[in-house]
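Marked as [2Fe-2S] cluster binding site by TrEMBL: B:185, B:194, B:197, B:199. Under the heading domain 'Anamorsin C-terminal', TrEMBL lists B:185-255. Per TrEMBL, the feature [4Fe-4S] cluster binding site maps to B:225, B:228, B:236, B:239. The region 'Fe-S binding site B' annotation in TrEMBL covers B:225-239. Residues annotated as motif 'Cx2C motif 1' in TrEMBL: B:225-228. Residues or ranges marked as motif 'Cx2C motif 2' in TrEMBL: B:236-239.
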């Protein structure tokens, strides 16, 4: 996408480059953010500038709208269909169905599921090789195949599982250390580790039972009408088939992610109890959108819960495969440097749990699973390295790092690395701004930062560094990292003038905006009005990096 | 009186060749040189206006002739930035005269004092010392550069090739949209808490309705609407059983832990 957008920005394309090209844009945005729907607006303007013709006005979905993005999507879609129909009626032969949906007419699923008897089951070692099973499941899943994940790069063992916040804190943040027993792990600071979590086996079993599936049969999945060769072919050996239970466990998220509105619509076709059918049709309709939002999204309803609450629904497996949210990998910033820990990866993970409006406790699938792993258990964690989430800094570049809470993870890696480098070469200064709620309860890695801030450490004053902490709840007024930044505006200014790169990481949506505003204030105060656009330029030059989750 | 160059010597007679050499060294044609001899006997002033002469070429036999008064006069008549060339002849045994002349020039306020290579002629060494009158005049001033740092200029590699994407947005775009005003009493209305709410709104939204379940309602659930047992999908917004799993009417309801612990 980056390359696509960069190409569109080229000056030499001219105002006629997209002449004759017709397009429509719908943006999925959230007006809670500063940059509300900027991507959609920019793309729309630029494509227009290049000579293209919009067939409908831009649609701007807003999560803050009472009905979420669908509030804007429904009318936009209607105008889209009408416009397309006007331009070329043969495009939409069933337009009347769209304008007046008749919920009694469901077409076919987009995929076929092919079942094999146990005679056709693969007997080779692939069955027990978890890496290969993961690859296979994810390459036949219609939602995941185009991600081309491949096999996990590493199957890691957890060797350390340590709680960083003290027992009194309502936040449970863990320090994990993962190791590959057989080989070295190749990674860089700034990389993230993508983990595929395991689902609770009883949830997977409950799902299979509820849907009347045979867990032990072998299946494969083909796109309908695709050119995938003849069905049931053994051309590839038996490498395209997998046990149904394994496929569900590895590729279908049954007990964590929420289904979407269309899932409810399709359910309504397969409901035999009248009150269930009605209710599902209501949820799928524009009138029921708000109630669906309350019941489903706000409650974080899982696929299994929804199916159990509508017991008369008998959805064929094809539809379940197509509509169940795929099991997603979760990415975590790596908090160690390969220079200091050659064979290990450290992670700093906040265990996610929350209370829904109806007072149900929900837990994050991956963080909870990791928290429950004992060190040196035989359970292996499927991992991929996601390179360069934050571009690693060269040792000669001064750094201003801002990472409250778990945002400190990648910067622990940066600082470890710079400390190791400073032994053999000249390294530039580092300023680190950290923030947490209370010094006593969630001051993550306190000893680590303080060690590096003493004597001739990378964060010590002697070495031109700095370590500043904001404890937000230790006093009546809130003190956050942005306040610390303004307190240290002289030092921050000096760093910026010496060519520092700025990195911001953390888990809040407001923090980056607040930090950016504080930096802009520093720049304006010390550098004059003319300096306002400077931070934006720094961002475009790749020296102002923000990563939030 | 003004001149392109002034040649001054303490000797009575000055060969043209000497003048010519110095003039060439100063980059001036010798036709333009005015010669004054016996400068030591002048009794003070050179007959020239202030800052009227581009270059002074002096040929000095006796180093002492290049005294303070002469040096001051040379400085006076020279234009700002003008050069002075002093050629002196010393018997090869002596070193001192050069140093003397250099020092005189320095003390006289000349800059860029340079002594060039010597040349010998008839066992007599000649040295040419070049100096310059500073290009600022007396009484001029200029402000010192402030010691403030400046932000480094940022090199964005393809700045030239690409348009500035921020220019695609108008002032209108930067405004937030007008959201429909909905009664804020119910959860799910109007402004919703962000997904990663940290300000407390999410918690406040959760606290909107707190419904008490009596022991009777737990042990023997009845439902006038008939929907309570079916599950959250069917329950009314005011249903006391909201949040619980589906149950059969008349059978004891199983509670999740949350309902038994106090709300914070």
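Heads up, the Cβ atoms here are built off N, Cα and C, so glycines get one too.
In sequence order, B:223, B:224, B:227, B:234, B:235, B:238, B:240, B:241 are the same-chain residues whose CB sits within 8 A of the CB centroid of B:225, B:228, B:236, B:239, the residues recorded for [4Fe-4S] cluster being left out. Highest local Cβ density among the binding-site residues B:225, B:228, B:239 belongs to B:228, counted as other Cβ atoms within 10 Å over all protein chains shown.
When averaged over the motif 'Cx2C motif 2' (B:236-239), pLDDT in the model lands at 81. Neighbour count (other Cβ atoms within 10 Å of the Cβ, all protein chains): 12 for residue B:236 ([4Fe-4S] cluster binding site).
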